[in-house]
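Swiss-Prot has this to say about the protein:
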BINDING   His118, His122, His128  Zn(2+) binding site
Amino acid sequence: MIYTIEVQLDEGITADSELVERAAAAVLAAEQMPEGCEVGIRITTDDELHRLNRDFRGVDAPTDVLSFADDGHDSRFVVAPDQPRYLGDIAISYQRVLAQAAEYGHSPARELAYLTVHGVLHLLGYDHEQGPAEAARMRTREEEIMTILGLPRE
């Protein structure tokens, strides 16, 4: 499948953008999303994730990943039926990637891929905050996709 995955690395961040693209595409393919879907992913700083979390979620604390789904209900814009489906944007804190990889005892690459998978699943409607059953469903799907990527739990 062909998807448009735009990865932006903030200045000074040396994350593997190809891994991010591959992880996002793996989720879209596993979820059987139609070709042409678009996702934007920004790898940024802890300070920026803190600001976004505060401004958009009302939570005055840093976090590792945020997803901003495009629900397609903005009546100000008309999109032709044959246009690609824009799913939304994801922001990932690279400092959290490094810290959590060390904390959990796995590679930064695995953590970066995991947070990408987690964020894309949120764009597709998965939400671990909706209770234990949904959290378990999301975690199972994350691990299935991480295995597809060759990055299972160690």
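Backbone N, Cα and C define each Cβ position, glycine as well.
Taking the features listed in Swiss-Prot, we show where each one sits on the structure.
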residue: His118; record: Zn(2+) binding site; Cβ within 10 Å: 24
residue: His122; record: Zn(2+) binding site; Cβ within 10 Å: 20
residue: His128; record: Zn(2+) binding site; Cβ within 10 Å: 16
List, in sequence order, the residues of the same chain other than His118, His122, His128 whose Cβ lies within 8 Å of the centroid of the Cβ atoms of the recorded Zn(2+) site.
Val65, Ser67, Gly119, Leu121, Tyr126, Asp127, Met138, Glu142
For His128 (Zn(2+) binding site), name the DSSP secondary structure in the helix/strand/coil scheme.
helix
